[in-house]
Amino acid sequence: MTTTRDGAYVRRPLIAGNWKMNMDHIQAIALVQKLAWTLDDAGHDYGRVEVSVFPPFTDLRSVQTLVAGDKLSLTYGAQDLSAQDSGAYTGDIPGGFLAKLGCTQVLIGHSERREIHHENDELIHAKIEAALRHQLSPLLCVGEGLQVREAGDHVRHTLAQVEAALQGFTAEQLSELVIAYEPVWAIGTGKTAGPEDAQELAQAIRSKLAELYTAEFADSVRVLYGGSVKSSNVAAILEGADVDGALVGGASLDAEEFAKIAQFEKHITA
Ligand SMILES: O=C[C@H](O)COP(=O)(O)O
């Protein structure tokens with residue numbers, strides 16, 4: 001992360017929890033309540049560090065009711081959306097429904113969607129367009145698999161994903177864009193890319209944004225790291241000047257552990 005001389009962050013860090021296909025709507029209420037209490041007890045400053053959760057679709061109405069009813073400062077979003085707005089698309093959920101549920105963000109292009117659901121660059125691009133139509137901030141996920149990493153082609157591969165996803169959008173349209181670099185080989189495996197790897201790719205992504213748009217735009221986009229982030233490694237990962245937060249999977253299902261991750265400033269030893 002980059003800070004100014006007075007200690008403020010240049011880009012507000014984001015700690016995002018992707019619950020994947022875990023937690024039904026009853027469990028979601030308990031998890032969000034516990035997370036909010038734990039963060040309140042720790043005196044969490046949401047203005048300084050944003051915390052957001054990405055529950056399954058079926059939980060969103062419950063999360064919305066809780067966040068609105070208890071006036072929580074957490075933000076939330078969905079794990080995916082349809083590229084379409086309505087029609088005969090069995091099983092799909094459009095952006096308009098998510099916006100009505102108070103979602104402000106949506107994950108797009110997670111590696112599990114790319115791999116398991118065979119989502120390609122074209123579809124991911126169309127999903128970003130759909131998110132923007134409904135004022136949802138796209139949280140675009142990019143990253144390489146093990147083979148690509150071992151071939152030393154990870155930077156080129158990841159930047160090609162960024163370029164394909166963003167093609168044709170203006171900087172103005174993408175003002176709320178967040179990008180998460182997630183090396184697939186580090187997801188749910190306990191293997192973490194080193195802080196240097198996270199910084200290398202975050203910086204490369206920012207340079208690509210500067211090349212595609214302007215340096216000013218590139219400096220405004222938050223770039224997260226994801227892949228086996230825990231309270232024990234988050235502070236080191238976020239040391240990278242271009243790494244602005246974390247997209248957390250497994251560890252976001254434990255309220256206390258996720259709150260500790262969001263409180264990463266407490267683990268930084270000066
Ligand atoms: O979206 C989150 C990432 O896939 C990371 O998951 P993980 O923290 O369980 O490795």
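Cβ coordinates come from backbone N, Cα and C, glycine included.
Among the features that TrEMBL reports, active site, electrophile is placed at His110. Residues or ranges marked as active site, proton acceptor in TrEMBL: Glu182. Summarising the annotation, TrEMBL assigns substrate binding site to Asn18, Trp19, Lys20, Gly188, Ser228, Gly249, Gly250.
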Next item on the list: Determine the binding-site residues, out of Trp19, Lys20, Gly249, lying near ligand 1 in the sense that the CB is under 6 Å from one of its atoms, and give them in sequence order.
Entry: Gly249
Next item on the list: Pick out which of the binding-site residues Asn18, Ser228 has the most other Cβ atoms within 10 Å of its own Cβ.
Entry: Asn18
Notebook entry, point to check: At the level of the C-alpha atoms, what whole-angstrom distance separates His110 (active site, electrophile) and Lys20 (substrate binding site)?
Noted result: 10
Next item on the list: Would you list, in sequence order, the residues of this chain other than Asn18, Trp19, Lys20, Gly188, Ser228, Gly249, Gly250 that have their CB within 8 A of the centroid of the site's CB atoms, where the site is the one recorded for substrate?
Entry: Ile187, Val248, Ala251, Ser252, Leu253
Check: Which state, by DSSP, holds Ser228 (substrate binding site): helix, strand or coil?
Finding: coil
Next item on the list: Would you mind pulling the DSSP three-state label for Asn18 (substrate binding site)?
Entry: strand
